[in-house]
Each structure stands twice: as structure tokens, then as C-alpha cells.
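Before any comments, here is the structure.
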Amino acid sequence: MSSHIQIFDTTLRDGEQTPGVNFSFDERLKIAKQLEKWGVDIIEAGFPASSSGSFKSVEAIAKTLTTTAVCGLARCVKKDIDAVYESTKAAAKPRIHVFIATSPIHRDSKLMMSKEEVLASIKEHVSYAKQYFDVVQFSPEDATRTELPFLIECVQTAVDAGASVINIPDTVGFSYPKEYGEIFKTLQESVHADHDVIYSAHCHDDLGLAVANSMAAIENGAKRIEGTLNGIGERAGNTALEEVALGLYVRQDHYDNQTQINLEETKQTSDLIARFAGIRVPRNKAIVGQNAFSHESGIHQDGVLKNPETYEIMTPQLVGVKTTELPLGKLSGKHAFAEKLTALGYDVDPEEQKTLFKQFKTVADKKKAVTDRDIHALIQGTEHEQNAIYKVETLQLQFVSNGLQSAVVVIKDIDGNTYQDSSIGTGSIVSVYNAVDRIFDRKTELIEYRIDSVTEGTDAQAEVHVQIKIDDQIVTGVGIDHDILLASCKSYVEAHAKYVANTKVEEGIHS
């Protein structure tokens, strides 16, 4: 019988450390609900002591989820541990993740602590956390660059203090599979406990080895894997959890371990996080990329048509990729639309459904067929506008002279106040963005501008992603519309609105 591998998702904590990614409160709740639906065992919902915004979102997630454990991150600082307790105490399964750096470079350059001081801190704070939590996870940060004898001491100290989960972070993606696996083997042989201890792997992808290292950890006794959807995270990212889940499923003959992941929800979960993060999934990304089940070669196409197993080790349907769908059209009624929402996993109240149906009809008048991706985009766009503190009211453009364009932008805030300004630029989008900058009275730097087509065809909706820098803060925005210029304006206004919201959030503990 296969053993169970726990999946610990840190998309909302480590994943949000991706430059430019800043999930809103509502986005974090939606992601948490979808992760529970996907079947993860534990969600690391945030770092509650870092800000009041993080505390509130962790608290809301803890109150919302019913089956998934909700975990908060804490340094070896009592105020951090208190913040995790207060924010997660309403959870069905509250958890805490306590960490301290243990490698020589971190001890000497960051912590300014001796080995003895680090060990004393581990004992004090794991013991303190154990007073509030049945399950305490401890991580020796930068474990793979920590002297192995000292790493064993740190883990033994944490276990003696009550830790029942030991996580081994490859914090800078430094290790390789054989070495990383040996660390797990050595720790299990060397550390003694009077209670059950689960060993966990947390890998970064700086050398492109995060998933390989995680699988090596499983081969050497790890029973929990930490990571993110789509592998997002700071620098080169984290272990892509969907790759681990499918790797264990497809190669059960080798690993003899399984997760409780609902594989059919994989693509929808990946797409949701990609949209909210504003990070497009690469076409050639394993499992969830657009090319994952595409075959261009004539030989490959011939083989797949005769027998899909010739070139496919898993089916698209396994991960929720639909090869056929019944699109809606302008003649589709309220009942068909409601059934489509349910089929796509949306739980929408009757009043909101009426609003969405009107917007669906507007889209249907412009498109021959409204696909599932159109519906996802419609709902995302509606949610963005409903929750926005500023939204675009009108946009007017006209040609001036000598290649210059002029734009007039009118936006409305959440209280109903309107703001208007105009500007010129060397192109339509430049003039629009200059006008928006004038409204907000901010100097910005446009870092990234990207147009995605929601679906194929000339009648497709445009999804515009922007990343801008304001006062050394990077923020992102998404805008969806049939008109590319209006979608561009919406995305830019949303990015500005995020900056305004972020600057209003009270900063938390920093020490």
C-alpha cells in the first residue's frame, strides 16, 4: 500500500515573494479556497507578524477553510509566535512554522549569533510554540549550507523541544539530488525522538533542481513536500507542486507514494494563480503549459492518433485540461449560463449571477462563441472591478499631430468621486498612461507591458498585464476588455490602486 506524501502549499507566503506579485485580500481568500479544493494538506497562509494586512488575511483564511490545515510563519521571536496563534486559532487545524538561520554565513553576517545562541533560541522558541500548537514545524534556514554536525544538533534540539515536523530548506537552491537525499537519510539515522517526526523538503530552483531535489527527499524518507503552484517564488522560484503530484502519480511504480491532490483541479488551480499573480505560465511548462499535450511532429501526431500512449504518459483530462467543451452563445439563456458557472466551479449568489449574465450577454454580442476561458476572464474582470478602489469610467483618444496622441481618462473611486485628466504621448498607450499618472500625481516606471489573448480568434478578449514601479515599490495590474486600449487603461489604473492600498496598510514588526 502506498504511503501518503503531505503537500504543504506556500503560494500565499513564499510564492508572494515573487517580485511584483502582491495578492489582494480577496485574491488570497479565493486562492486558499481553490487550494483546499485541489486537495493540499497544509496552506502556509502568510507571515502574520509582518503586517496587519498579512495578519488579517491569515485570520480570514483560518476562519474559512474546513479541511485544510492553516499555517503561519514565525521567526524565533515570541511576538511572531503570538501573532501566528492569534491569527490561526479559529482554524479547524491551526499550525505554526518556526524558523531560524543556521548556516555559517547567516549566523555571522545576518544574525550575529554563535552556534550556542542559535541552539538556545531554537529550544526556547520551539518550546514556547508548543504551548499553543499541537503540531510545531521547525526549519533550519539555509540548511543545505549548514555544517552537517551542527545541522544534526539543531534538529535534535528542535525535536527535544517538541517539534514534530522538521523541514529542511534548500534556501538558495544550492543542493543537488544525491546530496539533498543524503541529508534526509543522515538526519533520520542520527536524530532520536520519543514521538513521531515528519521530515519535510523545501527547495528553491536557482539551479533548476527544485523538483528533482524534492523527489530525492521522498526517496530518502521525506513525507512532506513544500512548494508553490507553477513554481512561483523569489529569484528562480520554488518546487512546482503540480510536478511533484503528477510525478508521484505517473511513477507510482518507483516512488510507491501518493498525495491526496485532486488532479482534475490542477489546471484550474494553476490558471487562477497565474491570473492573480500576473505571471503567464510558460508554454512549455510541464503539466500545465499550453504545449504540455501538443504534438507538432507528423510522426508524433500519427502515433497519438493511433494510440495516445505512444507519446503521452498522462492524459489532458487527468489534470483538468478539456479537449472538448460546449461554448455558450448569444442565444444562451440564464439557465445555461448558471449551469456553466457551476460546471466551472463557481458558487455565485443569485444577485451576482444577474450582473454576470448581463456582462456575459455583452460579450456574447461581440463573439460568435463564448468559451470557458471567456467565462473565467469575465468573472475575474468583474471581481477586479467590484473590489477596485478606483475604476475606469471613460476613455477618449484622438490623434493630435506629428505622431502624437491625446488621451482623456476619467476614473471613479469607491466613494463615487470622479477624477479626470488628459495628456499627450508618442502613442495611444503612452498618452493614456501619462493621463493616469497625472490623476494619481505619481511618477512611474513601466517595467512590463504584456497583452494576452484570452482565447483564439480575431474576436478574442484582450488581457493586459502591467508591472510598474512607484517609489521603489513594484505593483501589478490586470485589465480585460475587447478593446486593447481600454484593457490597457484598466490594468494601469489597477496597478496604481494597488500602490495606494499598499501605502495605507500599517507596517508590522521588523527586527
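Using the three backbone atoms N, Cα and C, a Cβ is placed for every residue, glycine included.
From the candidate list ASP9, ASP14, ASP421, the residue Swiss-Prot records in the Mn(2+) site shared with HIS202, HIS204, ASN238 is ASP14. Residues THR10, PRO169, THR171, CYS203, ALA210, GLU226, GLY227, THR228, GLY233, GLY237, THR239 surround the recorded Mn(2+) site, their Cβ atoms falling within 8 Å of the Cβ centroid of ASP14, HIS202, HIS204, ASN238, which are themselves excluded.
DSSP places the residues of the region 'Regulatory domain' (391-511) in helix, strand and coil in these numbers: 34 helix, 54 strand, 33 coil. The secondary structure of ASP14 (Mn(2+) binding site), as reduced to three states from DSSP, is coil rather than helix or strand.
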